[in-house]
Ligand SMILES: C[C@](O)(CO)[C@H](O)COP(=O)(O)OP(=O)(O)OC[C@H]1O[C@@H](n2ccc(N)nc2=O)[C@H](O)[C@@H]1O
Ligand SMILES: Nc1ncnc2c1ncn2[C@@H]1O[C@H](COP(=O)(O)OP(=O)(O)OP(=O)(O)O)[C@@H](O)[C@H]1O
């Protein structure tokens, strides 16, 4: 039996460059891990079956679960005869833009690599993860990275300046496909990825705050105006900078003092049920 941690990610930047012939979009994004995590228990089964148990009734417990797909991929690629019971204690909100399902898949790949003694490299696990979803490769490594391609090409970068992150998720779930589908490429507002890389490199908190940017905001904001108001609230209650993560609808605020974190969290009471105060993890930390 083995426990693995599956942390959420946020996007510090998300740029969309163009639409590709395979239907995906070419992106350039800086992602970093935060300390809000699902906990996954992996238990070997001699009957070869893959079973999913989850604490959240809205998470699928069959082949649609990304953790199931991760286990199945390893079984078929490497002729594994064992099965596994995967118990997912869900902490990361679902369909939120925080890569919850992708991180469960990535943690399952890492955990089963150990449990089933497959001895695969992280690079190989990340390659396999890309077959499940674009965010899975990043989640295999964690830490902070520049992701390109459709999101699966990962280049590790330094950890961003340490700070608090207040995450707030409105009561809606957003479909990533719908948001990319609504994007008009000629109207994209491109973030300055280079400036963000420099800010991170110089451990420059203000520079990081000034250069947050997400090309998908305009689509999600148009479809779900409540996300715009939430962003304004977080800013008004004192965050240094605010951005939507991924395709949304979660919005996060960066703050560098604990006192202001509680002010924002208290301020959001009544506007938003799902609020989390977490910290950037930043560095790769695969010890579960
Ligand atoms: C928004 C982000 O979460 C930012 O990290 C990712 O770009 C999306 O990653 P993901 O949820 O793992 O997405 P996938 O499961 O691979 O794709 C879901 C759908 O989103 C669209 N999609 C996704 C990634 C990408 N680079 N271009 C796209 O157009 C496609 O319609 C795809 O069918
Ligand atoms: N282990 C899982 N946890 C949560 N959702 C899962 C899982 N496996 C499959 N899903 C499905 O994936 C959908 C998207 O959920 P998820 O929480 O991964 O979205 P997300 O945070 O927006 O992801 P991303 O940021 O990668 O786009 C859910 O609606 C759910 O049906």
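Heads up, the Cβ atoms here are built off N, Cα and C, so glycines get one too.
Curation plays no part in TrEMBL annotations; they are all automatic predictions.
What you see is a predicted model, and the numbers here were worked out from it, not measured in a lab.
For reference, TrEMBL has these:
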ACT_SITE  9  active site
DOMAIN    65-143  domain 'GHMP kinase N-terminal'
BINDING   93, 94, 95, 96, 97, 98, 99, 100, 101, 102, 103  ATP binding site
ACT_SITE  135  active site
DOMAIN    196-272  domain 'GHMP kinase C-terminal'
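Structure with TrEMBL features highlighted.
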| residue | record | DSSP (3 states) |
| --- | --- | --- |
| 9 | active site | strand |
| 93 | ATP binding site | coil |
| 99 | ATP binding site | coil |
| 135 | active site | coil |
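For residue 103 (ATP binding site), the same-chain residues lying six or more positions away in sequence with a CB closer than 8 A to its CB are 6, 7, 8, 9, 37, 38, 92, 135, 139.
In this structure, the binding-site residues under consideration are 95, 99, and the one with the smallest number of other Cβ atoms within 10 Å of its Cβ is 95. One way to see the shell of the ATP site is to take the Cβ centroid of 93, 94, 95, 96, 97, 98, 99, 100, 101, 102, 103; the remaining same-chain residues with a Cβ within 8 Å of it are 8, 92, 246. A simple way to gauge crowding: the CB of residue 101 (ATP binding site) has 28 other CB atoms within 10 angstroms, across all the protein chains here. Only 101, 135, of the recorded positions 93, 101, 135, place a Cβ under 6 Å from an atom of ligand 2. Between the listed binding-site residues, namely 93, 97, the fewest other CB atoms within 10 angstroms of a CB are found at 93. In the predicted structure, the domain 'GHMP kinase C-terminal' (196-272) carries a mean pLDDT of 96. By the rule that a residue counts when its Cβ sits under 6 Å from some atom of ligand 1, the recorded positions 9, 93, 95, 103, 135 yield 135.
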